[in-house]
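Noted in Swiss-Prot for the protein shown:
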type	residues	note
ACT_SITE	Cys50	active site, nucleophile
BINDING	Thr49, Cys50, Asn51, Arg52, Ser109, Glu114, Pro115, Gln116, Gln120	substrate binding site
BINDING	Gly189, Ala190, Gly191, Glu192, Thr193, Ile194	NADP(+) binding site
SITE	His99	site 'Important for activity'
Amino acid sequence: MTLLALGINHKTAPVSLRERVVFSPDKLGVALDSLLQQPLVQGGVVLSTCNRTELYLSVDEQENQREQLIRWLCEYHQLRPEDVNGSLYWHQDNAAVSHLMRVASGLDSLVLGEPQILGQVKKAFAESQRGHSLSSELERLFQKSFTVAKRVRTETDIGASAVSVAFAACTLARQIFESLADVTVLLVGAGETIELVARYLREHNVQKMVIANRTRERAQALATEVGAEVITLAELDEQLVQADIVISSTASTLPIIGKGMMERTLKARRNQPMLMVDIAVPRDIEPEVGKLPNVYLYSVDDLHAIIQHNLAQRKAAAVQAESIVQQESSDFMAWLRAQSAVETIRDYRAQADELRAEMTAKALAAIQQGNDVEAVIQELTHRLTNRLIHAPTKSLQQAARDGDQNRLQILRDSLGLD
C-alpha cells in the first residue's frame, strides 16, 4: 500500500484548465464511486475548490499507477492526458502526507495562511466518509492533518494578521472599536468584497449592520445571510447619521460620499467619531472627507500597506508552521510503517498462544493420568522452549551459512540478545 496525492492548483495551472477538472459537489459521490472502481485504488478523497483539484489516494503500488490514475482523471473530465500532464503534480508517501498537511494548514494557499481551506478539506473528507470511500490509512491521515492545522493555528501567528482587503478592513474596525457588538456598521455596495466583509463582521458579533446598494434585490440575499437591513443609495444620507463604521466598495465611477454630505452627518452626530474605509477603485469617498475632524478615513492603499506588513509577518510564521508539518509528517510515516508489521505481530502472537494451549492441554492430561507433576512441568517447559526457539534458530543458522552479518545482527536485536 502506498499513499498518493495527485492534482493541479493555482500555481501549476491557469483557471481555464482548473475549471475543466472541477468536480461538482452534486456529482462528487458518483466520481468517488468511479474512482474506487479502479483496481489499484483502496480509498480516495477528492478535494475540489476554485484554486485546486486534488486526489488523495491509498493504492496497491503498481509500476504504471501514475498512468492509470491520470487516464481515469482525463476520461472522467473528457480531457486528453497531454492537456493536463504539464500542470499535474504527483506526491507519494511522505511527500503526499506533507502536502496534505500543508494544504490543510493554509501553507499552500493563494492567500498564505487563509483558514477557509481547512473547512473545504474537512468537507471533502466527510463526503468520502459518507460514501465509505476511505481506507483506514487515509482516515488516519486526514484526522492527523486536522490536528496539524489546529497546531499551526494555535502555535504560530500564521492567521493573526489580515492579508486580504476585506479582512484588513474588518481588522482595522476591531482595532479601533473595543467591541463591535455595540456599533452600527454601514456597508456600501453588495459585491464580492462587501460579501466577505459582511461575513467577517457577523463572525465578530456585529449586531447592527446595514447594506446600501443601488438595487435592493442584489443586496437582499446577503442581508438575509448576515442578518442585515437593506437600503438604497438614495437613503444613504439619512443612514450615515446612524453609522459608526462605514465600509464602501462599489463600481461607481464617481464618489458616492462627499465632503458636504459628511459635514451634515457629523453635525447631526454631534461630532461623534466615525471610521470610514474606502476599498473601491475609483474611490467612493472624496479624499477631502479624511480632513474633517472626528473622521478616520482609510483608502485601499492604506489597507495594502497594512496587508504587506502582515504578509511579511505571516511568512515568518510560515517557517515555524513548516517545521510543525515536517515533524508531524515524520511521525505519521513512522506510524504507517509500523502498520506493515501489525499482521505479522498478530500472527506471531496467535501462533505462540496456540502452542501454549496445545502444551498446556498435554500437560494437564499427563497430570490427570497420574504422572509426577514436577516431571510434567519440566517436560512442558522443555518442549515449549524447543518449539519457540526452533524457527529463530533455523534463521540464525541460515544467516550464518550465507555470511549475512546484517541479518544476523537484526535477528540478535529481535531476540533481545544485545
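A Cβ is built for glycine as well, from the same backbone N, Cα and C atoms used for every other residue.
Keep in mind the model is a prediction, meaning the values are calculated, not measured.
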Cα-Cα distance linking Cys50 (active site, nucleophile) and Gly191 (NADP(+) binding site), given in Å to the nearest integer: 18
Cα-to-Cα gap, His99 (site 'Important for activity') vs Ser109 (substrate binding site), nearest whole Å: 11
Where Thr49 (substrate binding site) falls in three-state DSSP terms: coil
Substrate binding residues Thr49, Cys50, Asn51, Arg52, Ser109, Glu114, Pro115, Gln116, Gln120: largest Cα-Cα distance, in Å and rounded to whole number: 15
Lowest local Cβ density (other Cβ within 10 Å) among binding-site residues: Gly189, Gly191: Gly191
Lowest local Cβ density among Thr49, Asn51, Glu192, Thr193, which the record lists as binding-site residues, within 10 Å: Glu192
Rounded Cα-Cα span from Cys50 (active site, nucleophile) to Gly189 (NADP(+) binding site), Å: 24
Cβ neighbour count within 10 Å of Gln120 (substrate binding site): 17
Euclidean distance between Cα atoms of the residue listed as 'active site, nucleophile' and Ser109 (substrate binding site), Å: 11
Sparsest Cβ surroundings (other CB atoms within 10 Å) among the recorded positions Cys50, His99, Ser109: Cys50
Residues flanking the NADP(+) site, with Cβ no more than 8 Å from the Cβ centroid of Gly189, Ala190, Gly191, Glu192, Thr193, Ile194 and excluding those residues themselves: Leu187, Glu195, Leu196, Val197, Ser249, Thr250
Residues near Pro115 (substrate binding site) in space but at least six apart in sequence (CB under 8 A): Gly106, Arg153, Gly159
